[in-house]
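Have a look at the structure below before the remarks.
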Amino acid sequence: MEAWLGSLLFLATMVIASKAVCSIENREIFPNQMSDDCMDADGNKHFLNTPWKKNCTWCSCDKTSITCCTNATRPLSYDKDNCDVQFHPENCTYSVVDRKNPGKTCRVDSWTM
């Protein structure tokens with residue numbers, strides 16, 4: 001019960017603080033896996049109820065699931081013929097720049113999570 005409440009608190013904090021988009025997946029348990037850890041999509045082990053971050057996505061796991069949230073908004077409506085999207089992993093943001101002149105930003109009409 002404590003683990004479930006911890007994961008719920010983590011999820012609620014991420015959603016409220018950042019208006020994040022989250023996904024919840026069932027936790028797979030493998031034969032050589034200890035019961036007090038979980039494995040991410042890259043095969044890395046993490047302790048239960050301990051958050052980790054990779055590629056601007058924050059994750060945590062409990063005994064039954066892995067919850068991951070991201071708050072990086074992506075450009076949706078922009079001039080796709082003349083502009084390129086650049087991702088900035090250091091601050092989890094995107095910018096849209098002119099393809100011929102990358103120093104010039106392009107107008108973005110809408111963003112999505």
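Note that Cβ sites are derived from N, Cα and C of the backbone, with glycine treated the same way.
A quick note: this is a predicted structure, and the numbers were derived from the prediction, not measured.
According to Swiss-Prot, the feature signal peptide maps to 1-20.
The annotation disulfide bond is assigned in Swiss-Prot to Cys22-Cys69 (among others). Secondary structure at Cys69 (disulfide bond), taken from DSSP and collapsed to helix, strand or coil, is strand. With a 10 A radius on its CB, Cys69 (disulfide bond) counts 23 other CB atoms from all the protein chains.
The number of other Cβ atoms within 10 Å of the Cβ belonging to Cys61 (disulfide bond), over all protein chains shown, comes to 25. DSSP assigns Cys61 (disulfide bond) to a strand. Annotation comment: Swiss-Prot describes Cys38-Cys61 (among others) as disulfide bond, evidence class similarity to another entry.
DSSP classifies Cys92 (disulfide bond) as coil under the three-state reduction. Here Swiss-Prot flags Cys56-Cys92 (among others) as disulfide bond.
Residues or ranges marked as disulfide bond by Swiss-Prot: Cys59-Cys68 (among others).
Per Swiss-Prot, disulfide bond is recorded for Cys83-Cys106 (among others), and the stated evidence type is similarity to another entry. Contacts of Cys106 (disulfide bond) defined by a Cβ separation under 8 A and a same-chain sequence distance of 6+ are given as Tyr78, Asp79, Asn82, Cys83, Val96, Val97, Asp98, in order along the sequence.
Reported as a whole number, the C-alpha separation between Cys38 (disulfide bond) and Cys59 (disulfide bond) equals 11 Å. Closest to Cys61 (disulfide bond) in space, going by CA atoms and restricting to the disulfide-bonded residues Cys22, Cys68, Cys69, Cys92, is Cys68.
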